[in-house]
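K.L.:
When I checked TrEMBL for this same protein, it listed these features:
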type     : residues           : note
DOMAIN   : A:33-137           : domain 'Acyl-coenzyme A oxidase N-terminal'
BINDING  : A:Thr147, A:Gly186 : FAD binding site
DOMAIN   : A:285-445          : domain 'Acyl-CoA oxidase C-alpha1'
ACT_SITE : A:Glu431           : active site, proton acceptor
DOMAIN   : A:499-665          : domain 'Acyl-CoA oxidase C-terminal'
Number of protein chains: 2
Amino acid sequence: MTSKVYDLNEQTGKDMAQARATTSIKVGVVRDYLYNSAEEWRARSSIVQVLENDPVFDKSQRDFMSRTERYTRGMALTNRIYELQEQNNWSAQDTSIAIATLDEQLPIHLHNVAFQPVFNLQGAPSLVEKYGALIASHGIFGCYLQTELGHGTNVGRLETTATYIPQTQEFEINSPTITSSKWWIGALGKTATHGVVQAKLILGGKDLGPHLFFVQLRSLKDHTPLPGIVIGDIGPKSGAGFGPTDNGFARFDHVRIPKEQMLSKFAQVTDDGRYQQPPHAKLSYGGMLYIRANMVTGGGWLMAKAATVAIRYGTVRRQGEIGPDGLEKQIISYPSTYYRLLPILSHSYVFIQLGRQLTKAFDTMAACLAKGDTSLLAEMHATTSGLKVLVSSTGVQDIEVARRSMGGHGYSAFAGLGRMYNDYLPSVTYEGDNFVLDQQVVRAALKTLHSLFSSPKPDPSTLTPSSFYLRLLIPPVSMPVFSPSIEEWTHPTTAIVLLEWRAALVVSDLAKNIKYPDASVYQRVSKAVSEAFVAKQVGGMIDDLKTKLPGEREQTAVRNIFILYLLTTVETGLVDLLSFNVVRSTSGGDVTRTLRVAIRRLCEEILPEAIGLTDAFGFTDWELDSALGVRDGKVYEALWNRAQQEPLNKTVVPEAYGGSIRPMLLRGQKQAGVTTDGKAKL
Amino acid sequence: MTSKVYDLNEQTGKDMAQARATTSIKVGVVRDYLYNSAEEWRARSSIVQVLENDPVFDKSQRDFMSRTERYTRGMALTNRIYELQEQNNWSAQDTSIAIATLDEQLPIHLHNVAFQPVFNLQGAPSLVEKYGALIASHGIFGCYLQTELGHGTNVGRLETTATYIPQTQEFEINSPTITSSKWWIGALGKTATHGVVQAKLILGGKDLGPHLFFVQLRSLKDHTPLPGIVIGDIGPKSGAGFGPTDNGFARFDHVRIPKEQMLSKFAQVTDDGRYQQPPHAKLSYGGMLYIRANMVTGGGWLMAKAATVAIRYGTVRRQGEIGPDGLEKQIISYPSTYYRLLPILSHSYVFIQLGRQLTKAFDTMAACLAKGDTSLLAEMHATTSGLKVLVSSTGVQDIEVARRSMGGHGYSAFAGLGRMYNDYLPSVTYEGDNFVLDQQVVRAALKTLHSLFSSPKPDPSTLTPSSFYLRLLIPPVSMPVFSPSIEEWTHPTTAIVLLEWRAALVVSDLAKNIKYPDASVYQRVSKAVSEAFVAKQVGGMIDDLKTKLPGEREQTAVRNIFILYLLTTVETGLVDLLSFNVVRSTSGGDVTRTLRVAIRRLCEEILPEAIGLTDAFGFTDWELDSALGVRDGKVYEALWNRAQQEPLNKTVVPEAYGGSIRPMLLRGQKQAGVTTDGKAKL
């Protein structure tokens with residue numbers, strides 16, 4: 001065999017250029033759709049430019065840094081961001097964008113997203129007046145101390161106490177046991193000067209349950225912990241995730257704070273130690289819902305990054321069968337590859353849009369809440385709980401699927417997806433463990449089901465969007481039996497109706513078997529409920545394309561992406577659909593085959609637009625920070641260049657040589673009776 | 001509300017002691033079953049004792065180490081192991097156990113498992129005589145250079161050349177392009193002195209495809225790379241995985257080696273440059289199959305570790321609902337938790353047994369191969385390919401499921417499962433990418449199907465164990481329709497027959513649709529085929545319990561574990577079974593419900609034995625190296641103690657304070673109009 005020599009490195013660049021030339025959609029048009037408008041895209045883009053041209057934000061050494069170096073760098077980034085904010089007169093929104101763009105899990109997030117909102121929402125007006133400006137300008141740095149070593153979500157069992165001392169009008173914060181140590185608190189370990197501490201309020205020996213207290217932790221003079229407080233970092237995280245964040249612990253030894261520092265907007269203690277009940281305890285939920293709503297958008301953009309990197313690599317990596325051009329085929333052209341990657345692309349498009357809708361809905365709800373109207377709270381709670389589970393579990397899975405699709409090189413830190421994965425991994429646990437939230441979603445569904453059928457004439461108009469699928473159970477019930485053809489699968493309504501039927505059936509089945517449900521039922525039902533809701537929303541997104549996305553080709557491409565979302569979602573729900581006989585094979589396996597063939601055909605239609613649809617996210621190389629996702633496609637060059645920077649390569653002979661390698665070799669040579677004593681070339 | 005104060009830390013110890021007291025099985029009896037005999041357990045145990053009492057093998061600082069420190073430590077461990085081997089007169093087997101026990105991905109693996117076997121198997125007798133002893137005693141340190149920057153599995157397209165120069169009777173090894181750089185080679189980056197290089201053999205300008213060459217890489221005098229060879233480390237891996245291994249790159253610039261250093265047992269070049277074809281190319285496959293067979297055992301023990309850690313933590317962690325004792329419930333008692341963890345336990349029991357069978361089968365095959373008999377090779381290849389995919393994808397998933405079941409603390413590096421995950425992650429890619437192996441498994445199945453039915457009278461006796469399920473397709477076919485009751489599900493034959501039917505149906509369906517299969521079909525069919533094989537083996541394991549595991553309670557407990565494996569495997573195959581109407585609901589969803597209720601009941605039966613069944617693995621705290629998996633159950637104490645060692649805690653005020661934190665706070669204070677200038681307590 002003689003074979004022409006190809007310059008593989010040059011070929012990667014050609015392949016990427018070729019793929020870009022093949023894309024028929026206008027990338028800018030889709031980009032503006034994703035960013036909501038050309039203006040929002042430009043605003044973001046100009047901020048990214050400032051950052052990537054500033055040496056402080058250089059990422060080239062990041063993969064080699066120790067935990068302490070990551071933390072130190074993270075604080076330098078943060079300081080620089082606020083310096084730039086001042087210099088460039090950035091709005092708060094601009095600064096948020098800048099921080100989100102950094103692709104780092106920073107302590108400042110905890111100040112901005114947990115500490116500040118809770119303080120402002122729950123602090124008494126006088127306290128907010130005293131500290132609000134200082135908190136807004138980061139003149140003090142805050143954290144939110146809830147979780148303890150021995151307790152997480154069940155705040156009723158927290159052990160930290162805040163005992164009121166009427167004589168001095170102070171609270172005494174105390175950690176009675178090792179397990180009462182506050183633990184996992186982001187920004188506490190080394191950074192925060194202040195914190196909001198959740199502690200059981202003790203009045204006259206009586207435990208009134210968890211309340212919030214504003215506590216100074218470190219001196220503003222020299223940053224040392226204040227007397228009675230033992231603070232530290234809790235150590236590294238799985239896979240070096242969250243490296244720059246100083247998740248910390250704190251123990252309080254009878255630390256006194258003035259009475260005014262209880263966050264007392266909704267619950268108060270009188271000077272003589274009587275408790276005044278909160279009028280609307282629920283009003284305090286707003287903050288958590290905001291974080292969850294934001295997670296949907298954030299997760300969508302993360303999936304977008306994973307899809308961009310893996311689809312770009314799949315476009316330039318050639319392996320396996322030889323194509324008509326004498327080259328091996330691009331790996332993206334293999335069904336087993338595009339079947340894994342294009343659904344990730346579809347998830348990102350869906351979650352970005354969902355996040356936008358959710359943020360709008362949150363704003364509406366927050367406006368109502370501010371007027372004391374809690375009517376939208378339950379629906380917002382149900383929606384954000386379900387979507388938080390869906391976005392985080394989908395996102396974690398997608399990042400790994402994308403990484404794995406890149407084969408061997410995907411395991412290099414330079415691929416960038418490992419870092420992304422390990423940073424995103426805790427999202428399945430924080431802001432409500434997914435397994436706990438699943439139960440909440442299901443309980444809400446069962447409650448709605450019960451209340452719907454508690455009336456002799458169930459009224460579908462009482463159903464909110466998150467429970468709209470339950471209308472299908474109102475008599476006369478006409479459960480369909482589907483055996484869709486390949487063509488029929490591509491109509492969005494097929495999938496939407498099926499996903500709604502699935503949710504309705506599994507919820508009513510659980511209600512029937514509630515005395516002894518099976519062990520995984522909450523996960524399955526929660527997923528079915530959330531996916532029915534999302535499917536309906538995706539139907540709306542498809543309808544909206546005509547008005548929101550100019551250009552027929554662009555509409556077709558994005559419509560295909562949305563339909564791919566629907567069909568692959570149905571595929572993951574097949575067990576339910578088949579077991580309830582909603583879809584049924586007319587002869588051996590044909591209904592699953594028509595669905596899967598429809599998915600494959602759809603993928604083949606999307607494939608030529610894949611590079612365009614990922615370019616539309618508008619990520620720069622600095623943002624992606626991935627040798628395998630470089631825009632020009634020259635992945636091998638990028639890997640080679642990065643490897644040269646590896647610290648082990650700074651010396652020709654490693655430090656371990658004298659201490660371990662040489663003694664081992666000499667011992668082995670002696671054992672083998674070779675007498676070179678290491679001096680000669682064998 | 002007033003509540004009694006419990007000492008949670010003490011409680012963890014009590015809970016663990018209580019769980020141990022509740023176990024009704026004799027742990028030692030099950031342990032001997034897992035280790036094949038009391039002797040094998042004792043041998044292993046005494047080695048572990050030597051290691052854990054030796055300060056070189058201390059793990060307490062590992063989570064804080066940089067990549068370079070991990071590598072340096074790894075070489076120190078390796079050197080110490082061989083020192084101990086000499087001191088304690090360990091057999092090769094003892095030393096293997098010692099290395100496997102270290103819980104580290106070390107460069108020495110590549111010498112022992114890749115370099116040495118290939119060299120011995122394929123080197124000419126004269127070459128093996130010259131270097132064999134030196135290699136065995138680690139007087140030289142080898143690596144195996146196959147993968148290149150631009151190529152992985154498709155060895156036919158490797159770019160490195162070995163051109164024969166008849167004038168000097170030398171080969172000239174050359175890397176013509178950047179993409180021809182050897183890449184990912186374990187132990188190459190900083191350690192290896194020699195390597196076996198895969199390169200295209202060029203004779204008189206003709207490319208004869210990849211062959212193997214023994215090449216010295218570094219000087220034995222001072223460890224510097226030999227002239228013409230550029231070597232280095234390729235940089236960090238995803239999630240800090242494989243930290244101690246120096247995966248490396250190498251470029252060869254016309255490097256000459258003597259003709260004798262071609263590994264020429266199966267292919268030779270005459271002095272004048274003529275090629276002599278290998279008589280039995282297949283004979284060289286043995287090594288790869290050995291590695292894959294070993295992966296099954298190794299994966300089983302890794303799942304065992306994950307199960308042990310998570311089940312122990314689940315036993316002492318209390319959260320959520322309040323039980324009758326006034327304490328929150330142990331999280332292992334929640335169906336959603338034990339449903340995730342007990343299947344992992346079942347996987348470990350199954351893969352440990354499977355690995356043992358496979359190693360035996362490999363030895364039989366190797367003995368045949370040595371006699372030139374290749375008849376067992378095809379079956380061994382089919383079995384190990386499928387099981388490699390199954391064990392690695394199951395293992396990676398299980399470790400993460402176990403980690404996630406531990407909620408927040410599971411994300412701490414001290415939990416230990418993150419490290420395990422990131423080290424095991426590449427197993428889905430190395431030794432054959434799972435997606436490529438899936439295709440091989442399926443092709444073998446289709447080939448067998450075709451050959452079975454190419455005869456007018458298909459003969460089931462021609463079927464090997466890996467394709468035995470195909471007998472079901474031989475006419476007269478009587479496909480059953482199952483609607484098993486809860487009770488019927490617990491008979492192992494139900495699941496085994498169903499899993500065999502599933503494999504038979506998906507294989508024949510693929511054969512029918514081979515012209516346009518769906519995009520995920522190879523993964524699904526490969527899984528079905530492997531799981532049918534494993535199910536049959538598990539049936540055999542259940543039958544063997546009577547003779548291999550003394551004690552009725554012990555038999556029942558392990559039998560339950562095996563049945564749990566079968567039922568949860570059926571659960572993951574429900575889509576196939578339902579879509580081919582092999583199982584069918586008689587009324588809405590009941591067949592899936594009976595299966596799932598059977599699983600839940602089985603879990604409830606296993607649960608009281610869970611601590612005993614994990615103790616039976618015999619892991620010491622040093623081996624597990626997990627704060628959440630400590631034997632005494634005192635997880636909070638363990639987390640606290642480890643956190644105190646975090647390097648960031650060595651100084652009260654972090655380095656970042658002067659450079660970033662203080663300037664940020666002062667700027668903020670100025671902006672807020674607060675004039676403390678950081679000097680006063682606010």
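Any Cβ shown, glycine's included, is placed from N, Cα and C.
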K.L.:
Average pLDDT across the domain 'Acyl-CoA oxidase C-alpha1' (A:285-445)?
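P.N.:
Averaged over the domain 'Acyl-CoA oxidase C-alpha1' (A:285-445), per-residue pLDDT gives 94.
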K.L.:
Where A:Glu431 (active site, proton acceptor) and A:Thr147 (FAD binding site) are concerned, what is their Cα separation in Å, rounded?
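P.N.:
Taking the Cα atoms only, A:Glu431 (active site, proton acceptor) lies 11 Å from A:Thr147 (FAD binding site).
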K.L.:
Looking at the recorded positions A:Thr147, A:Gly186, A:Glu431, which ones have a CB within reach of chain B, meaning under 8 Å Cβ to CB?
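P.N.:
Among the recorded positions A:Thr147, A:Gly186, A:Glu431, the ones whose Cβ sits under 8 Å from a Cβ of chain B are A:Thr147.
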K.L.:
Of A:Thr147, A:Gly186, A:Glu431, which of the recorded positions has the most Cβ neighbours inside 10 Å?
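P.N.:
Top count of Cβ atoms within 10 Å goes to A:Gly186.
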K.L.:
What are the DSSP helix, strand and coil residue counts for the domain 'Acyl-coenzyme A oxidase N-terminal' (A:33-137)?
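P.N.:
Across the domain 'Acyl-coenzyme A oxidase N-terminal' (A:33-137), DSSP assigns the residues as follows: 83 helix, 0 strand, 22 coil.
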K.L.:
DSSP on A:Glu431 (active site, proton acceptor), three-state: which is it?
P.N.:
coil
